[in-house]
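*Asks:* Right, I'll just put the structure down here and ask away after.
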Amino acid sequence: MSEAKNLLAQGLWKNNSALVQLLGLCPLLAVSSTATNALGLGLATTLVLVCTNTAVSALRRWVPSEIRIPIYVMIIASVVSTVQMLINAYAFGLYQSLGIFIPLIVTNCIVIGRAEAYAAKNPVGLSALDGFAMGMGATCALFVLGALREILGNGTLFDGADMLLGSWATVLRIDILHLDTPFLLAMLPPGAFIGLGLLLAGKYVIDEKMKARKANTRVSVPQLQDGDAEKAL
């Protein structure tokens, strides 16, 4: 149980693939123009991570170390192709919106990194949990960045949610800011870099406050000197 909690804590916050390791920045910055796109790519990446880690862990005893990387890439490519076809079949609007960034999951350093660093050395269950935690950590970062850019750029949230969840999801669209003209900087690549910088700064501030709180609550027990110990006796 402690190992599972540690994996969740590492993937979601302490070793977040997007905000700590800074992996997968290309899709993180390019696709996060809306919350829907960010959530769609994040969930697709999470599914790929879980399936890839499970397959690599299950086959780890039979994969020669000399050719493990090409085999891992083949496994990742097969899983990504399957996910791409599923999105094409059941969420075609999202498939068109994400475009080339779905097949580019194959080259995402998060996927191959977790396969090599964790799944190849650990049991199937923990490897699947590691993939889920890392994927959800990246998804949360993508979603927050996408929501921030969409709100500042268009004044809306969950615009186009029907592309991901179906026609019923049109009711999820929320008009937060009533803008006469869109704030283009938030929607362009410079806005993505600025938003990512704000997220990194926010995480740093939260981490520092958590460290300070732990330091303040830590109880220090003073050590008795030899003379004090004799008097006590």
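Cβ atoms here come from the backbone N, Cα and C positions, even for glycine.
Below are the features listed in Swiss-Prot for this protein:
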| type | residues | note |
| --- | --- | --- |
| TRANSMEM | 18-38 | transmembrane segment |
| TRANSMEM | 39-59 | transmembrane segment |
| TRANSMEM | 69-89 | transmembrane segment |
| TRANSMEM | 92-112 | transmembrane segment |
| TRANSMEM | 128-148 | transmembrane segment |
| TRANSMEM | 182-202 | transmembrane segment |
*Asks:* Which residues of the chain, 6 or more past the ends of the transmembrane segment (128-148), have a CB below 8 A from one of its CBs?
*Replies:* 4, 7-8, 10-13, 16-19, 24, 28, 31-39, 41-43, 45-54, 57, 110, 114, 118-119, 122, 157, 186, 192, 195-196, 198-199
*Asks:* Residues of the same chain, at least six outside the transmembrane segment (39-59), with any C-beta under 8 angstroms of its C-beta?
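*Replies:* 24, 27, 31, 71-72, 75-76, 79-80, 83, 87, 91, 94, 97-98, 101-102, 105, 108, 110-111, 114-115, 118-120, 122-124, 126-128, 130-132, 134-136, 138-140, 142-143, 146, 163-164.
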*Asks:* Report, as numbers and ranges, which residues of the same chain sit near the transmembrane segment (18-38): CB under 8 Å and 6 or more residues beyond its ends.
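*Replies:* Residues packing against the transmembrane segment (18-38) from afar: 45, 94, 97-98, 101, 104-105, 108-110, 113, 137-139, 141-143, 145-147, 149-150, 153-154, 157-161, 163-164, 187, 189, 192-193, 195-196, 199-200, 203.
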*Asks:* Quickly jot the same-chain residues contacting the transmembrane segment (92-112) by Cβ under 8 Å, restricted to those at least six beyond its ends, or write none.
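*Replies:* Those are 17, 21, 23-24, 26-27, 30-31, 36-37, 40-41, 44-45, 48-49, 52, 69, 72-73, 76-77, 80-81, 83-84, 134-135, 138, 160, 162-164, in sequence order.
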